[in-house]
Amino acid sequence: MAACPRKRETKYSWLVCVCAAITNGMTSSVFFSFGVFLPVFMKAFDESREKTALLGSLTYFLGMFLCLLAGKICNRYGCRVSIIIGTISCIAALLVSSWATGMTYLFISLPILYGLGIALNLMACFLMVALYFDKNRHLALGFVAAGASAGYFVVAPIAQELISSFGWRNALRIESGMLLCCGIATIIVFDTNVEADPNGCADACDSSRCIRHEKKYSWNNLKKTLNFCSLYYSVSVTTLFIVSLSHYSLPIHLVRSCEEVGISSSKSSYLYIGIGIGSFVAKIAAGKLCQFVKPIYVNQASSLFSGISALTVSMSKSYIVLVIITVVFGLADGAFQSSYNSIALSTPDPQKRAYAYGGANMVISLAFVLGPMITGRIADLHSYKEAFIVSGVVTIVGALVPFVLCFRRDSASQTRTNILMEELVVFEKLSVV
């Protein structure tokens, strides 16, 4: 006898949300604390900032690029299987990296293994929460996104202490054990046997209801798979790509840029606490705000503040000022991430949610690999001052892209007016006749 499906918007739904937030937080925070490992890898393997930053960029690039594949796995086998494979992949990546004797080994283990783990865990966590919530979906997604922010003020300082006490190799091994604990708890809690969507549509990560739709959403039929690309969705993804091109350069290069102005790595690592706290609070607040305001507006505002933060960092040498700036950047980062998830997961219909979210991540993945690498290259040629100025300008330009929708609405309104005028003229002629 089949078990009764779990209801949405219950206490168990929030338990799923908490577990998803912890798993997403631990998986993402290991990458986002890469700024702590950046100077260590540079010193251990005698590499440039550009090449070392490329390692982190490639890891997250593949993590985002493989999200469409991960969505396919969630559709076919369910989110629980996705979490199992993703956790094993992340643990294997950290363990293999801990025995690396050169950057070449790290370029194999981290981007490929950890990137795949990021994609599988990310897709499973967000799709599962979207499955369990309807009315409070934006808020729940904000909580899951906030899990990654916890890594800034929890994992980053811990990673710094582990490196100082045990060395970077043992630090990676200890982090793999932390990932194992989070993964086991999430695997136990995730249950895809949930009541159907209120609109009568099966959600992406419920494999028992999605298998029969497999042919309908086959990748062989690209037109049907991508027919969720409305103008709003397309403009939003374009904005996310441009902003992401420079948005993530600041946290990745933060420790190294502080060393350039005379601030030690151990001291600058605590700046991630400010980023984490600001991002954590903003993700939850933005998730709630997106229930009343269009997520694209929240995304625009956060992108503007992110660009301003990068411009301000380029001119600051005071540690106190940097603390304030990183908190502001954290708030902007939190709102940006939360609104991004809401845009990608709520714009399409539920049956195509996995493809929409995975497709958006795949499109902007190029920004993750190019942005920090370009910033590192500019810093190598000049300094981090010029690098962060370029990042700030690019971010602000990206925030202005959604204004295209305003011109589109004006054009549509003018078209409707012309049609009404033509109909009125025809009506008058018929009346005369």
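Keep in mind that glycine also has a Cβ here, set from the backbone N, Cα and C atoms.
When the ranges 231-250, 291-310 are checked against TrEMBL, the one recorded as transmembrane segment is 231-250. Of the candidate ranges 12-41, 53-71, 83-106, 112-133, 140-159, 83-106 has the most C-beta pairs within less than 8 angstroms of the transmembrane segment (171-190). For the transmembrane segment (356-375), the most Cβ-contacting stretch among 12-41, 83-106, 140-159, 231-250, 319-336 is 231-250 (pairs under 8 Å). Mean predicted confidence for the domain 'Major facilitator superfamily (MFS) profile' (13-410): the pLDDT average there is 80.
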